[in-house]
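What follows is a short report on a single structure.
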Amino acid sequence: MGRLFGTDGVRGIANKELTPQLAFELGRAGAYVLTEGSHRPKVVVGKDSRISSDMLECALIAGLTSLGAEVVSVGIIPTPAVAYLTRLYKADAGVMISASHNPIEYNGIKFFDKFGYKLPDKLEDRIEEIINEKKELPVPTGIGIGRRKESLTSHRDYIEFLKSTIDTDLKGLKIVIDCAYGASSTVAPILFKELGAEVIAYAAELLGEKINVGCGSTHPEKLQQLVVEHKADLGLAFDGDADRLIAVDEKGNIVDGDHIMAICAIDMKSKGKLKHNTVVATVMSNIGFEIALKEHGIKLIRTKVGDRYVLEEMIKGGYSIGGEQSGHIIFIDDNTTGDGEITALKLCSIMKHTGKKLSELASCMTTYPQVLVNAKVKNELKEKYLEDEDIKREIEKLEKEMEGKGRVLIRPSGTEPLIRVMVEGEDYAKISQMAKELADLIERKLN
């Protein structure tokens, strides 16, 4: 059996890879590891709207309660809400059933510790070890078996918390919200209406068969159209579990995670709230983002791709904002994970405080053209580019030519016999040529 836990919990095609049996075993092993049998654990369980979430929830809760865990079921709710409610309800852990932005046939199971952080690798390894080795676990009977309790206040608790993360109402703003037929449908329309905004909700029904299909943060085309049609101030697109946000300005242009982070970081710095004047992002954030931050005296630290690496760096350095171009943004003083609703509120509150349109705010950075070319290289040779002097010299030469207004990024594919060559810079034709020549050189040298 391959490793169960990826960078974002256990994920796979529901009922085929992520089966009810596996969900049951994860529940049992998770309940045991979180307490090592020392006390009766309390676990918050939430889910997104996809069809398979009910099936997996029943199996997971059966596993948890069979080890004596008390389960607080919070229903269809955003992933970041589970992280927050785990802390609020003083639970031992939280579990979210969701495959985030993935297609409907997928689902996932993600654990949070009692502080609302994703489980550290060593605890995930321990859960996996128990499942793989079929370790014998306690079998409580009678009153030793746990129960499931449905929370009737979870959505209200989360909405009130979200309101507390900004210091203004949103009266006067007209907002189109795309809920991706997902978990934000239960929160976002209510939240923004209660804050005084005029709300036009799209894809806001809990239709599991439509989650993320032609809508949400990965497909914002319909939202762009609706913002212009309704003459709205902005559009907000969440993904299936609302841990990420992509915005649309009043002209119908996309405002991605890089732009949102730039807007928020510049605003935070002006208020003295940007810790160490630093933002954490991944290697995929555009060079234009880095240049915009530098112009405002803000440092950028880059990590590997994946929000868990961003979060690790934020905790290590004590930084207050970090995220990904995809719209997965963490405001660590507010929540322990990416939270699309918090990101949306921060953006709207900056518009309210400054009186500026979103297109004006987004003009703080220019997205530089980006070219991606694949070099075909055998899997066993993919890491060798690091040792080749000619390749290293060529990369240095290209970056020198761009004089700080461009960059070269080399990333071996994790799944295919390819090395991805990405070049960003001001002149599209020039960087296209650079990327092609560098990919050709890599193929020649490594094959």
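Every residue gets a Cβ built from N, Cα and C, even glycine.
Proximity of SER100 (active site, phosphoserine intermediate) to non-local residues of its own chain (separation of 6 or more, Cβ distance below 8 Å) is seen for ASP8, ASP48, THR79, GLY108, ASP239, GLY240, ASP241, ASP243, ARG244, given in sequence order. For SER100, the entry in Swiss-Prot reads active site, phosphoserine intermediate.
ASP239 (Mg(2+) binding site) has a Cβ environment of 35 other Cβ atoms inside 10 Å. Under the heading Mg(2+) binding site, Swiss-Prot lists SER100, ASP239, ASP241, ASP243, citing sequence analysis as support.
According to DSSP, SER100 (active site, phosphoserine intermediate) sits in a coil region rather than a helix or strand. For SER100, the entry in Swiss-Prot reads phosphoserine, with the evidence type sequence analysis.
If you draw a 10 Å sphere around the CB of ASP241 (Mg(2+) binding site), it holds 35 other CB atoms from the protein chains shown.
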